[in-house]
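If you look up TrEMBL, you'll see Tyr95, Glu137 marked as active site, charge relay system. Per TrEMBL, heme b binding site is recorded for His85. Annotated FAD binding site per TrEMBL: Tyr190, Arg206, Gln207, Tyr208, Ser209, Phe395, Phe396, Gly397, Pro398, in sequence order. Taken from TrEMBL, the feature domain 'Globin' applies to 1-138. What TrEMBL records for Lys84, Glu394 is site 'Influences the redox potential of the prosthetic heme and FAD groups'.
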Amino acid sequence: MLNQKTIEIIKSTVPVLEVHGEQITTVFYKTMFENHPELLNIFNHANQKQGRQQRALAGTVYAAAKYIDNLEAILPVVNQIAHKHRSLGIQPEHYPIVGKHLLIAIKEVLGDAATDEIINAWADAYGVIADAFISVEADMYDAAANQKGGWDGFRPFIVANKVEESEVITSFYLKSVDGNEIATFKPGQYISVKLEIEGEDFTHIRQYSLSDAPGKDYYRISIKKEAGMETPDGKVSNYLHSSVEEGEVLSISAPAGDFFLDTEKETPVVLISGGVGLTPMVSMLNTVADLQPEKEVTFIHAAQNGKVHALKDEVAATAAKAKVNSVVFYDQPTEEDRQNNSFDVEGYVTKEWLKEKVNLEQSDFYFCGPVPFMKAINAALKDLGVTEDRIHFEFFGPMASLEV
Ligand code: HEM
């Protein structure tokens with residue numbers, strides 16, 4: 001437990017952190033990677049470049065500082081991050097490395113303002129926060145390894161099937177090399193894929209949502225080819241699309257994540273996706289069709305046009321056999337799309353449309369897509385009076401704020 005004095009010091013440094021938080025975490029990463037380049041095997045280089053990881057970590061540090069005497073209050077956030085950490089293979093021995101470099105960074109950025117008293121208080125506070133993560137993660141490691149078909153760390157999976165779903169999205173069907181059972185998952189969860197790309201100094205780990213229902217002898221992930229080979233995300237997704245063929249073996253960690261469909265609830269659900277954000281939604285849709293075919297589902301998908309619209313036939317087939325109303329939005333339909341009537345609405349998913357077409361009083365809303373899309377959906381649902389407990393979403397990559 002922290003003493004009262006330490007708690008006061010921590011709380012009084014929150015405004016300073018809010019001013020310098022990002023600068024501190026930027027210095028922190030730079031110094032940490034200089035001293036521990038091996039950690040570049042775990043961290044996503046793309047997130048570092050875009051500064052998103054810095055913002056995510058800075059945000060968590062403020063939250064922790066504000067709630068240092070009541071960490072229970074941020075348990076949902078800890079839980080979400082711990083899922084990601086478990087999926088990446090973060091271990092207790094990594095925490096002191098992060099702690100040490102965080103303190104070095106605070107000292108460097110704050111200069112004389114970082115008195116010994118402040119630094120010591122932060123060292124103590126970091127210890128408390130780290131212990132909270134380590135303990136939640138230990139339970140998650142146990143659960144992942146001990147579940148039926150589960151495992152610890154990374155397990156080899158063979159690409160059994162590779163299917164082009166659109167001009168930009170390709171599915172990979174992954175089967176365990178050992179032929180043994182694979183852990184089940186909740187629709188909406190993701191796996192991590194660890195890649196060694198020839199000519200690269202470090203491994204790349206990426207999370208991909210599972211895009212089919214659980215209960216099969218494979219996991220399916222559907223990956224978007226990102227533009228530009230020069231960006232780390234571009235490099236990884238292009239490598240998967242162009243160089244990973246059927247028969248190739250990939251290292252996969254057990255399913256993780258706290259964004260998933262509640263399959264106990266009988267009330268209607270509205271699944272809304274933009275672009276490749278459809279992958280967890282298709283998993284949810286296929287699961288409902290398997291387990292709760294009587295449940296009322298509205299499946300809303302927004303894409304630019306038919307060329308980039310993935311899993312279209314699969315969604316249509318599922319919709320036909322369950323109580324699913326599938327609605328397709330294109331904001332830039334092609335002439336061919338018009339001729340084939342391959343979309344329902346031209347434009348974006350708007351508040352007015354939602355107000356008119358979906359059950360706002362009873363439904364749970366799940367959504368995933370690019371950040372601006374998610375901001376618009378989140379704002380619309382709130383304006384329409386949908387309560388927070390019925391709003392569920394997932395970001396690609398590090399968490400961001402949905403406030404507009
Ligand atoms: C992801 C916080 C310790 C490695 C994250 C995220 C947050 C965070 C907020 C983003 C979650 C998301 O993507 O949704 C923290 C805090 C820590 C801590 C507050 C200490 C108390 C560690 C340690 C390591 C680590 C010890 C390993 C050295 C990572 C990695 C990611 C991540 C690799 C994925 C994002 C990326 O690759 O850029 N962490 N973390 N974290 N964390 Fe931590």
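Each residue, glycine too, has its Cβ placed from N, Cα and C.
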Would you list the DSSP helix, strand and coil counts for the residues of the domain 'Globin' (1-138)? 118 helix, 0 strand, 20 coil
Of Tyr95, Tyr190, Ser209, i.e. the recorded positions, those within 10 Å of Lys84 (site 'Influences the redox potential of the prosthetic heme and FAD groups') when Cα atoms are compared: Tyr190
Between His85 (heme b binding site) and Ser209 (FAD binding site), how many Å separate their Cα atoms? 16
Near the Cβ of the residue listed as 'heme b binding site', how many other Cβ atoms are there if near means within 10 Å? 22
Applying a 10 Å Cβ distance cut-off over all chains shown, what neighbour count does Tyr190 (FAD binding site) have? 27
Using a 10 Å radius on the Cβ of Glu137 (active site, charge relay system), the other Cβ atoms enclosed count 22
Recorded positions Gln207, Ser209, Glu394 vs Tyr95 (active site, charge relay system), shortest C-alpha separation belongs to Gln207
How many Å separate the Cα atoms of Glu394 (site 'Influences the redox potential of the prosthetic heme and FAD groups') and Glu137 (active site, charge relay system)? 20
Close-lying recorded positions around ligand 1 among Glu137, Tyr190, Gln207, Ser209, Glu394, where CB distance stays under 6 Å: none
For Tyr95 (active site, charge relay system), what is the tally of other C-beta atoms lying within 10 angstroms of its C-beta? 19
One finds that other Cβ atoms within 10 Å of the Cβ of Lys84 (site 'Influences the redox potential of the prosthetic heme and FAD groups') number exactly 19
Cα-Cα separation of Glu137 (active site, charge relay system) and Tyr190 (FAD binding site), in Å? 16
Among the recorded positions Ser209, Glu394, the one whose Cβ has the most other Cβ atoms within 10 Å is Ser209
Taking all protein chains shown into account, the Cβ-based neighbour count within 10 Å for Gln207 (FAD binding site) is 20
